[in-house]
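Positions annotated as Mg(2+) 1 binding site by TrEMBL: Glu92, Asp115, Leu117. What TrEMBL records for Asp115, Asp118, Glu279 is Mg(2+) 2 binding site. Under the heading substrate binding site, TrEMBL lists Asp118, Gly119, Ser120, Ser121, Asn210, Tyr243, Lys273. Per TrEMBL, the feature domain 'Fructose-1-6-bisphosphatase class I N-terminal' maps to 5-196. Residues or ranges marked as domain 'Fructose-1-6-bisphosphatase class 1 C-terminal' in TrEMBL: 200-330.
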Amino acid sequence: MTIFKTLGQFIIEKQADFPYAKGELSRLLRDIGIAAKVVNREVNKAGLVDILGDAGQVNVQGEGQKKLDVYADEQFIKALQNGGECCVVASEEHEFPIDIDSEISKNAKYIVCIDPLDGSSNIDVNVSVGTIFSIYRRDSIGGRPTMGDILQKGSKQVAAGYVVYGSSTMLVYTTGKGVNGFTLDPSIGEFCLSHPSIKVPARGTIYSINEGNYRKFSSGVKKYIKYCEEEDAATNRPYTSRYIGSLVADIHRNLLLGGIFIYPATLTHPNGKLRLMYECNPIAFIIEQAGGKATDGRQRILDMEPTALHQRSACFMGSSEMVDKVEQFLRSEDDR
Ligand code: AHG
Ligand code: MN
Ligand code: MN
């Protein structure tokens, strides 16, 4: 019988990587894992309970919220409030950060930016969805955390991860020392190490982009798409187009198999669609830790100076050689 290492055991074991760690980050990651299991339970039976469909509310993005968006948001915020290690949560589902000012959290020094339910458009049709989280240590000392504590560059993240609620449920995270994947074993209710030290292949044959927006893309992006579609055996082209519409699911596949995910600036989304603080930054951290690249077409996503909680960014993320290639097309068309 294979004895798996659970997420909890792994976190404690890796705590030794951080000599000054006193267990707070470990407990925070554990709290996120617990909330993920609760959300997973509802995602798995979504059609059987009143958790499908619209919540009848609109979030700060002006997007209709699904019941599962609201449910997941509530579960992660509750877990972070009860865990005592987080002092403020910035969620896609709330216009302003949620201050966690309680007795149990009075010494909390971690900030969590979260997309509680990624891929909402796929919830009602039983397609993989996810959760994305990004963790910072507060900069300021004393008093309540400030917006400056939250709007830190992606390179300042202390940890980042995602949960993909798919054919199996996986939690993938990094603390800056590589990327590890854990698969939920429902029979014991534990995430177990199943994908140690994930590395994204330097090149792949999968490109992921919403080609329905083709007419709104820049000429450089259009030329790269045509490059992917050309016949060239020497470079394994044409590539395969795979696009699920859930960032976590598209990224997870490309992380394991190699490939590139692109959500560029378009005429309707001049800064791209994906949000920097709780989609682009955490995914970029993971992709880079796995040996890949993540840029906005011109600069590292992790170097971007955030100015607003829900700001968006174009993103080109995945296999390093594929990101380099698309950037060549963007430079040649000078539309970066
Ligand atoms: P969310 O459900 O958290 O709003 O995220 C949806 C995002 C992302 O998951 C996905 O890659 C992208 O929206 C798909 O956008 P399009 O439907 O415009 O392709
Ligand atoms: Mn999302
Ligand atoms: Mn979301």
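Backbone N, Cα and C atoms are what each Cβ position is placed from, and that goes for glycine too.
Automatic, uncurated: that is what TrEMBL annotation is.
Rounded to a whole value, the Cα-Cα separation of Tyr243 (substrate binding site) and Asp118 (Mg(2+) 2 binding site) is 14 Å. Near Asp115 (Mg(2+) 1 binding site), with the C-alpha within 10 Å of its C-alpha, lie none of the binding-site residues Ser121, Asn210, Lys273. Lys273 (substrate binding site) sits 10 Å from Glu279 (Mg(2+) 2 binding site), taking the Cα positions as reference. Taking the mean position of the Cβ atoms of Glu92, Asp115, Leu117 as the Mg(2+) 1 site, the remaining same-chain residues with a Cβ inside 8 Å of that point are Asp69, Ala72, Asp73, Ser91, Glu93, Ile114, Pro116, Asp118, Ser120, Thr131, Ile132, Tyr278. A helical conformation is recorded for Glu279 (Mg(2+) 2 binding site) in the three-state DSSP classification. For the domain 'Fructose-1-6-bisphosphatase class 1 C-terminal' (200-330), the DSSP-based tally of helix, strand and coil residues reads 59 helix, 21 strand, 51 coil.
Sequence-distant neighbours of Asp118 (Mg(2+) 2 binding site) (same chain, 6+ apart, CB under 8 A from its CB) are Val129, Gly130, Thr131, Ile132, Tyr162, Ser246, Leu247, Val248, Glu279.
Across the fold, the C-alpha of Glu92 (Mg(2+) 1 binding site) and the C-alpha of Ser121 (substrate binding site) stand 15 Å from each other. Counting only same-chain residues at least 6 apart in sequence, those with a Cβ under 8 Å from the Cβ of Leu117 (Mg(2+) 1 binding site) are Val39, Lys66, Leu68, Asp69, Tyr71, Ala72, Asp73, Ile123, Val129, Gly130, Thr131. With a CB cut-off of under 6 A applied against ligand 1, the binding-site residues Asp115, Gly119, Tyr243, Glu279 are reduced to Asp115, Gly119. DSSP assigns Asp118 (Mg(2+) 2 binding site) to a strand. Close to ligand 3, meaning a Cβ under 6 Å from one of its atoms, are these of the binding-site residues Asp115, Ser121, Asn210, Tyr243, Lys273, Glu279: Asp115.
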